[in-house]
Amino acid sequence: METTSASFDPNGRPFSFLQSRALGDMTQNDVKNGECKPTTILFARGTTEQGNMGTLTGPPFVQAVGQAVGADNVAVQGIDYPADIPGFLAGGDAGGSATMAGLVSMVMATCPNTSLTISGYSQGGQLVHNAASMLSADETAFVNSAVIFGDPDNGQSVGNIPAAKTKIICHDGDLICAGQSVVLQPHLTYSMNAGEAAAFVKANQ
């Protein structure tokens, strides 16, 4: 009989369960904590979401990336910004956009061998667009992929990041993707696309 070894916590759950659960937290600060992993994800949550990752899209996405490349191989950093309605109406919070751009610079300097993805949901997608436009040519080249869910700037380029490295996911009936400030059910279900987004991240490493 074949057997496989596994490590378990005191409640009898495999530690892989804990790793998956950790990737599902609504606050992630791996980059600020100095962690370098083979894969790094910067993620900006949507308007009014809690933590720095939110709950609707960010956690399912990074969990799927962990399943694709191994949870131990992923560093995740949420973008700290207000995520309020005025920021959305202004085209994405300016401070949060600058924060994301600064984190790209930080990752490039401190973890030069990582595969970097910049990503966001809803207003977080606006931050990805804005931050990408702030990057130098070297920083742009350092980004392996950009992933945006429910993109208010759908149809626009993501800075100078090549289209082949960019994945925009917009549902039929999502009026946010159509440039309207109306949130309907199709804007709230991007967790269903976590797997395809993770596959894109893996393919672009």
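Cβ atoms are placed via backbone N, Cα and C, with glycine included.
These features come from TrEMBL:
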ACT_SITE  Ser122  active site, nucleophile
ACT_SITE  Asp174  active site
ACT_SITE  His187  active site, proton donor/acceptor
DISULFID  Cys36-Cys111  disulfide bond
DISULFID  Cys170-Cys177  disulfide bond
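Ranking the disulfide-bonded residues Cys36, Cys111, Cys170, Cys177 by the number of CB atoms within 10 A of their own CB puts Cys177 at the top. DSSP gives Cys111 (disulfide bond) a coil state; it is part of no helix or strand. Long-range C-beta contacts of His187 (active site, proton donor/acceptor), restricted to its own chain and to partners at least six residues apart, with a cutoff below 8 Å, comprise Ser122, Gly150, His171, Asp174, Leu175, Ile176, Cys177. Using a 10 Å radius centred on the Cβ of Asp174 (active site) and all shown protein chains, the other Cβ atoms total 25. Between the CA atoms of Cys36 (disulfide bond) and Cys170 (disulfide bond) there is a gap of 31 Å. Cys177 (disulfide bond) falls within neither a helix nor a strand when secondary structure is assigned with DSSP, and so counts as coil.
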